[in-house]
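Record features (TrEMBL):
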type: DOMAIN; residues: 514-909; note: domain 'USP'
type: BINDING; residues: Asp963, Glu965, Asp1072, Asp1124; note: divalent metal cation binding site
Amino acid sequence: MNFEGLNPSLAEFAPPLHPALEPVLDPHLNPNLVELDPEGVSLEGLPVPESVHLMEGMYSELHTAVSEVGVPVAASHFDLHEEMLWVGNHGGHATSFFGPTLERYSSFQVNSSDDIRQIQSLENGVLFLTKTNLKYMSRGGLIIFDYLMDESEDMHSLLLTDNNTLLVAGLQNHVLEMDLNTVQETQKYTVEVPGITIMRQSNRFFFCGHTSGKVSLRDLRTFTAEHEFDAHSGSLSDFDVHGNLLVTCGFSSRMNGLACDRFLKVYDLRMMRATTPLQVHIDPFFLRFIPTYTSRLAIISQTGQCQFCEPTGLANPADIFHVNTVGPLIMTFDVSASKQALAFGDSEGCVHLWADSPEVTFNAYSRETDFALPCMVDTLPHLDWNQDLVPLSLIPVPLTSDALLSDWPAANSAPAPRRAPPVDPEILRTMKKVGFIGYAPNPRTKLRNQIPYRLKEMDNEFDNFSQVPESPIGREEEPHLYRVAKKYRKVTIKYSKLGLEDFDFKHYNKTLFAGLEPHIPNAYCNCMIQVGTALNPTQSSLWVAEWCWAGRWKLLGDVLLLLHPQGSNFLRAFRTIPEASALGLILADSDEATGKVNLGRLIQSWNRFILTQLHQETQEQEGPQAYRGAGGSSFGSSGDSVIGQLFSCEMENCSMCRCGKETVRVSSTLLFTLSYPDSTEKPAKDYEFAQILKRSICLEQNTQAWCENCEKYQPTVQTRNIRCLPDVLVINCEVNSSKEADFWKTQAEYSFQKAMMKRGGFDITKGKEISLGDWKDLGSPDTGHSYPSVEELKNIWIPHAIKMRLTKSKELDVSNWSETEELGPTDDPESVYIYDLMATVVHILDSRTGGSLVGHIKVGETYHQRKEGVTHQQWYLFNDFLIEPVDKCEAVQFDMSWKVPAILYYARRNLNAKYNLVIKNPIEASVLLAEASLARKQRKCHATFIPLMLNEMPQAGDLVGLDAEFVTLNEEEAELRSDGTKSTIKPSQMSVARITCVRGQGPNEGVPFIDDYISTQEQVVDYLTQYSGIKPGDLDAKISSKHLTTLKSTYLKLRFLIDVGVKFVGHGLQKDFRVINLMVPKDQVIDTVYLFHIPRKRMISLRFLAWYFLDLKIQGETHDSIEDARTALQLYRKYLELSPQGGEPEEFRKVLKGLYEKGRKLDWKVPEPDSQSSPKHGAVFPPVLAL
């Protein structure tokens, strides 16, 4: 606030104005409590006497505390996050008080000379504004940052517009916008009327109060002036905004001086005009709205009078109160966020707290305040320097973030692995050779399996690290011998005897995303599957594929909610496409393992093929009505496919023969391939990525083509121009040789030098060609500013955002853009697009593992809001099942020696808002009704189930018994180690062959309504008849007598049941759903293997549980899924009987103990029928309805 000219007595604080304070400050203060002394001030608050009664709803004085005697308070502020009151004075000192008792919490110097003009609390600290300085400090007084402005600035006010953006204004003719994350000035807005001393904000405007007495209303985005009120002719003192009302107080010019207006100016923001002024009975200097029950105004005079009134009513003299100030003048005033407390600071350094109740809180929900713990350091022991054996660890060392001298840099050291010790000569002398193996008696001169550790001088040529590491993730390796970063290396699964059950996936993935397993065939495209499911419009739109193979992409997107799924369904359908095999996209296992295939080129071909295939298949489907977007945009509403609307753009191809014949044809493309200039020029030129992209889109080339005019092949000039811009820009980088790799490396070096020059304050003339050799003479960066580190600037060429503009003459303009920049006011949103980088797919060159493909994906606010409840964007690295967040610069850093870019995805900014996708489940209840079998010999007499009727449709919470049987497609691959143990290299690949669902309630309880045998086109190597009951021929449509269906049909049924919300009851359902590859919420799964289980004990088979609890002998010769599903339902009913809700858990625990004791006695084998009967006699449930 600008005090100059308002009261002459404030210009200088002379000692006569502040005589030594007497012990009795006021008749209301107890003179026996405390004596204020300039030399030693009591830090305790001055409480109000017990005779003062605080009435509920009425503000009364609660406490008084001293900040610094004799130094006027300049700013006061209630903390918005903790129960604290902050006070800053004219000496640049800040003090905080805790709670309604005003206990001193912290006190520190903010500025050595200037007064503190405004205080603003944030989550991690407090902002202090002085004349030319903005300082961010922790609540304990530690400096987080100190931003020094120009000496000509005279700042008076600040306004926090969001969590990271701040506006700072003062007596100059501009307002600064600052980013609190980078501590940099992002914008400078010029204002027409200088002297902004007060700023407020509503949901419609910024309100700026000027020293000239005017209040301007400014746009929230552009800060341009929308309206202006000429409130007072002299100067503005204070104003506040609430709802549709703006109220001001100030001074008028009278007789060459300033006189306080006793009229408050009231403005209606709906009609943007003044209403009836409000006359008050005091000289208003501060005012605030206190909207508790009504929109009350608190009006404060500089002499300490306080009046409450309604802004649209009449002021009542009876509503005037008086603040018992120590000094003669009130200097500051603030209201807490809860509106329960008022704070006044006076000219003698005291702060007065008024409250409407004794148990006042400053905020509705305050977090707990951290208090300093008492020092509890033990006495340090005496160190005798004369003793050589005194450990250096006893010397106390302060915590520091600087590098220690013991952190020897890797550049100054050389790897020196230990050489194996020489073999004992006695062993060599007595050794006898049998073939190439030598045998010798142990001379017992050394400990068994142990050697002494000695440091020896090693030859530099010696290196035994050329072998493949024990772990693919590189846990056992020396980092300086492996150039590929650990998280980018190819990951493989170490299998145990339990398969995947005990593999620690969480070690590699601590996010909420799901990885993909790499052991299935053609898993090289895992990264592209993850990219496709991460792009919201792509993922949502594929429901329209109606369960063609493209529809399984969307199904995989749902399955990715699992912790460790596999893309087997999608890849199995992918392998059946003849075009994919013809293009060489189907790999043999040996090709992928040995690294003979160029994965970078392969994934780009796969990307082109997959977009084309999805485009063709979705084009044949009629888009569902669930997709509607803003402005009438809808997926599938036109003849174009949903993929075409996202990725496609029309291209105009023009062929010009030298005879003058011109041929123009229009085509569409779904992606672009980068075309690089001829790199024979020395030195190489500097190109921006936008230049290369424009060159690749608007391609011009000379080629031989048929000319109808000349009637022969002629040299023609072919040019390509774009006619519309796509929503998603897909770019194949085409870095397939050292020529392209060198081009990327050179351009990255240019970009790095530009960034370093920008740090050093140099300017680069746009369009000026500079050779790489000319950079060496330029200066080093200035380290005084907060810029990205040097490592973060290396190997970067592509921008995080690009701007593309299509002129009226259909000419394309492409330029690099910033993530934070928006379109200018003159840019047409229909013809100017800003694209943000959403994903990058890179080829990792690693000779040890054959290389791999990984993806960087920028996950937007939609996912984080849904999963974590926060709104932010974050880049993640997806390396099969290894997923971790990375910095955004890492997504665009390409070290061409091992990390080569393959595919870039740029998406139009605010793309999700454009389409506003809402997914509607297209699966209907009719999928559960009767359907024809694929088997030719299947008749009704062979039917093993009764389909559901319309009145039997399941509802949420209904029980459904489920069991599944599987067959083996590929046998397990294992090797025998030298110690005799078996190591699994690749697990067996299972496929679901039969799924059975039985009714869990109703008159037909236990009767199956689904008993589908799944037809498969792949070769089955083992039907596992003993465990599955599936016989050869059951899955063959020509000879099978079973109800044979497709995997698609059964998936539809199960997905419908999952979406309805039924509860599945079965035995070992976790493993079943994993092999089926379906995600089922945990609250919809009742697994009997866990119901009858004691922690840290073995799992019990369904056969033994059925014999023990139900007296049933099941699974005699083979398994039958109908029998197993019924049994699981009966076991669940038995569990409810033994462990009723609210019953004694001890009783059920005794039953389980008896079960385990019986199992151990029988070795968990069901006895023969004549040998021993079950502990239970008779059926627990009545027999189910027979078919």
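The backbone N, Cα and C atoms fix where each Cβ goes, and this holds for glycine too.
In sequence order, Val992, Ala993, Arg994, Leu1024, Tyr1027, Ser1028, Gly1029, Ile1030, His1119, Ser1121 are the residues of the chain that are 6 or more apart from Glu965 (divalent metal cation binding site) and have a CB within less than 8 Å of its CB. Between the binding-site residues Asp963, Asp1072, Asp1124, the minimum number of other C-beta atoms within 10 Å of a residue's C-beta occurs at Asp1072. In sequence order, Leu962, Ala964, Arg994, Ile995, Thr996, Gly1066, His1067, Gly1068, His1119, Ser1121, Ala1125 are the same-chain residues whose CB sits within 8 A of the CB centroid of Asp963, Glu965, Asp1072, Asp1124, the residues recorded for divalent metal cation being left out. In the predicted structure, the domain 'USP' (514-909) carries a mean pLDDT of 76.
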